[in-house]
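Structure first, commentary second.
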């Protein structure tokens, strides 16, 4: 009887053990299956792919470099003042020259070593994109923390627009500004496309850098994650400057989101278009900020005073109008009414494509600005105008005929029938010259066309090879006339 009971108990114990082993095997297989599934979602079979900080789809992790303090000290000549190039939220920024020949930007601050710091560096250094400044590595020694980034040679967009350094108040053509906006938008959109999504939280003109090829790169992505709090660090003047880029919901409730980044991007676009710093409005006696200033101007339909005078006539009215409309959508007070960054990228792509096609057709340095961008007053005497570049000194186009002769028409000149003023504003872009016997014909037909459109924005005359007869055509994109 006792032997039978022992056999029964032994069999039961064996069965329990078998069930336990089976459960462990099933759990192991399920876990492995989930891991493979996550890897396939990223499209990567790299064993270095790891789970993101918040348990979302993984980022492909490149090995993050751990620098020695001795190496960084040597690269910056013992953190010499001559190598000090800036001061940011994280701390001092130095330019360094590593022994392998690489130029780097090194951010330095006091701080005790922590695993949390390392984890954050691993996460951010995994973000690889053409329009984002790459975080290369880190160092934690002697109660100091360092972040090492790739060095971007041409500095920030703010230094090109209104800085005090090498690029102080450098003229940026409209095409350059559009390309910069396009690249910065793609960088920011990439951050928002990550899983988990990364909100920049500190997007501003000073954090958009350009390399030697003028490719825009977004800097300081995720830098607020190292600060441990959402309050803005720095002096009161820095706080005021940064506040200008923050969305209303961030200023009031400290609620960051992708849409608060969109608002910041709208202020960045506004600085690109106007050539003015948002902080100027905070330091002046004005009771309105930069966004309110533009909104009031747009309501009055006098948008020409928004545009940076240094742009001259290097833009088309269609592109400028589209850009200002996009700005107004980005800086909507309600976050729900703002577009996503992916939509902003598509809009900028459309504006850039249209601008490039129009200026290619009409030649460089031309403007087809609509009347809302034109000067409301009569042009000054002489052969120049604030919105026209000086006459070309012997410059000719390398492109074959036909090319464009752009004739600016002024409202007051047309209304007073002072056509001589119109025809005096001519800019040639070709070796070809009009035959003398065609000049009178062109002049009479153009006068009749100009009178029929009244206060139109511009008249264009495209030169055909000698012997070709001119014809009138309505420009498809603006209230202007072409002689083709």
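Glycine residues also receive a Cβ, built from the backbone N, Cα and C atoms like all the rest.
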With TrEMBL as the source, identify the stretch among 405-424, 465-484 annotated region 'Disordered'. 465-484
Within 10 Å of the Cβ of residue 108 (ATP binding site), how many other Cβ atoms are there? 21
Reduce the DSSP letter at residue 108 (ATP binding site) to three states and note it down. strand
